[in-house]
Amino acid sequence: MANIGFYAGSFSPVTRGHLGIVCEALNDYQKVIVGVGINDSKQQLYSLDERCEMINAALDDLLFEYEYRDLVGYRFSRSEEKAVCRLRENRGCVEIVGYRDLTVDCALRSGATALIRGERIVGDHDGEMQASILNKQILEVRKARLSMATIPVPKEDMTYVSSSNVRGLCRLGEYIAAQRYVMPGVHALLMRHCLSERFVALMQANALSAAAAAEAYDELVRAYSCGRRHHTLSHVAYMLNYWQIMENLGRLKVQNPAAMELALFYHDAVNTGDDTDEAASCRMMRRRVFDRELSENAANLIGATAHRQCQNDMTPDMNIISDLDLAILGDTFNYGIYAANIRREYLRFDEKTYRNGRIEFLRGLLKRKPLYKTAAFREMFERDARTNLRAELAYWQSR
């Protein structure tokens, strides 16, 4: 009889801690079934399909981050390495199912031999013990048997993190902090929800009906989703977040907030790698914005994200959006993930072609002195950005 573990939860959203437990379970079980619970008495922020999509995205990210682990800068544990090897050989060793009845019944229907409980912190222990006792009693009524396994979250920095923490950070607009606790593909899916209300309000303030604003947002979501890995809505959220941080700290002040917000949402709406991308993004924006002065101001800001203008042609707001676009370069935690996702976004190029192009790009950035146009960004990011760029350059030169 196959040894099958059933790991249940709401996964709203799935975190790196959840993923760690799946990896640990793959070391002990021939198959792991991830049961995504549907509780009709609670209003779920994310649908069942969305939560399953997030779990699949997290598994995809895990495999890619392992392939480029030296670039990402993440040290995989032995159990994670074994789990990745199993997933690469047979993705079917992890199955995702949704259910709305008892966990025990779904586990039995699925052919599971064990119930897996994840334990994050000491405070979880009593709750997990109670659940274990109740499940044993329910199994006795059914004259059935499932072993009970408790797996602690393997990474210490994830032991105090829950899905509700991630949702709380997103509600606060702290999208960058939330990135630490979920995989990149999960974060991009979260941002579809997080940015919706803000975008619709922006467009309604510029004379669009609620329906037209929602339609414009759906178009934007499609644009930022198709084949994207770095230039997703996570990138938009990252820039919005740092804009807010810098203003909260009193380090800069945007002169035209409406144009800035509009430009941030649309600046990478078209991203093919061509020199015409910014102009195409502006055309998409202009189809939705009828205030000519606002759209022209936003278009000028979008143009600044091409990073080709002479400094004398830049306005203060153009300098700010240019620096926001490059802020990721100075991020000590997220830079490796950014670099790997850029590679993933351009998988249409073979390794040698991409390597040569990336080396040229990195060298070009390092020649810029300074990298950032505003004093606030230079103070916060310049040194770390150069360290990150040199490290990535060394990585590609060694390949």
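The backbone N, Cα and C atoms fix where each Cβ goes, glycine too.
Model, not experiment: these values are computed from the prediction.
TrEMBL lists Lys42, Thr103, Arg117 as binding substrate, and of Ser10, Ser147, Ser162, Ser163 the one it places in that same site is Ser10. Annotation for the binding-site residues His18, Lys42, Arg117: lowest Cβ count within 10 Å of the residue's own Cβ, Lys42. Distance between Cα atoms for His18 (ATP binding site) and Lys42 (substrate binding site): 21 Å, as a whole number.
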